[in-house]
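Working notes, beginning with the structure itself.
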Amino acid sequence: MAGIVVVFDFDKTIIDCDSDNWVVDELGFTDLFNQLLPTLPWNTLMDRMMMELHSHGKTIENIVEVLQKIPIHPRVIPAIKAAHASGCDLRVVSDANTFFIETILKHLGIRDCFSEINTNPGFVDEEGKLRILPYHDFNKCPHGCSLCPSNMCKGLIIERIQNSISPEENKRFIYLGDGAGDYCPSLRLKEKYFMMPRKNFPVWDLICKDPLLVKAEIHEWSDGDDLERILLQLINKISIEESAQFISADCKLQTLSVSAHEPFPQVLRVQQ
Ligand SMILES: [Mg+2]
Ligand SMILES: [Zn+2]
């Protein structure tokens, strides 16, 4: 059942806060962050904040320690593991950075569930300082999307992923997100795909203004319990549809060996 691509935003979708704010707040740099916020784009500000942390004696180890304490809803990890175990191709599309995301996913033991992490590059330089760079080099080649911040258009990333899969594979997409940056990709999802906006968060507000602009089927969620239940239900629903198509296309239906004891098709057990 490799017919489903599940794309997750990271902040406030997989984890239950914003990792950038979390690191800055936990290390005691909220005031400086707020002071600089009106003067710099977010991505540039995060690079600057990492420089400030370094010059005030905060080490990479200090950053890793706070990342490992990041809040996450207890049902999100089981949901991700179940989706992965059912054969879905899971990917991350996030405006955080590779260092934060890799550190957190490895710590949570779910890094290997994801085939791809699309985010801003984050790396430790020779001075032991974390650098955070833009995903798109906006000076050399601006992405040209008016909905998105200059460092990242998630819509372009989704388009790239959609185009990288041949139409014959007939994959279905499920996209989960909360932020304004998740609105652009939601507009690019095709019919028969699924959009899971977090209820009462910016992407949900934007979608609600004119839901007809989104071709994908919309399923809102509020917390990790919802996320797990709805995501696994959608995966189940798609799997049943795929099996039904397979059966109708195959006149040798009788030869399918379905155990009488096991209701068919039982792809996923959805926990209530
Ligand atoms: Mg988010
Ligand atoms: Zn965009």
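Cβ atoms here come from the backbone N, Cα and C positions, even for glycine.
TrEMBL has this to say about the protein:
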- Asp9: active site, nucleophile (ACT_SITE)
- Asp9, Asp11, Asp178: Mg(2+) binding site (BINDING)
- Asp11: active site, proton donor (ACT_SITE)
- Asp20, Asp95: substrate binding site (BINDING)
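Under DSSP, Asp178 (Mg(2+) binding site) is assigned to coil, being neither helix nor strand in the three-state scheme. Closest in space to Asp178 (Mg(2+) binding site), of the recorded positions given as Asp9, Asp20, Asp95, is Asp9, taking the CA atom of each residue. When secondary structure is read from DSSP and collapsed to three states, Asp95 (substrate binding site) falls in the strand class.
Asp20 (substrate binding site) carries a helical DSSP state (H, G or I). Cβ neighbours of Asp20 (substrate binding site) (same chain, under 8 Å, six or more residues apart in sequence): Asp11, Trp42, Met46, Ala96, Phe100. Taking the mean position of the Cβ atoms of Asp9, Asp11, Asp178 as the Mg(2+) site, the remaining residues of that chain whose Cβ falls within 8 Å of it are Phe10, Lys12, Thr13, Ile14, Asp18, Ser94, Gly177, Gly179, Gly181, Asp182, Arg198, Phe201. Within the set of recorded positions (Asp9, Asp95, Asp178), the lowest number of other Cβ atoms found within 10 Å of a Cβ is recorded at Asp178. The distance from the Cα of the residue listed as 'active site, nucleophile' to the Cα of Asp95 (substrate binding site) comes to 8 Å. Residue environment of Asp11 (Mg(2+) binding site) contains 23 other Cβ atoms, counted within 10 Å of its Cβ in all protein chains.
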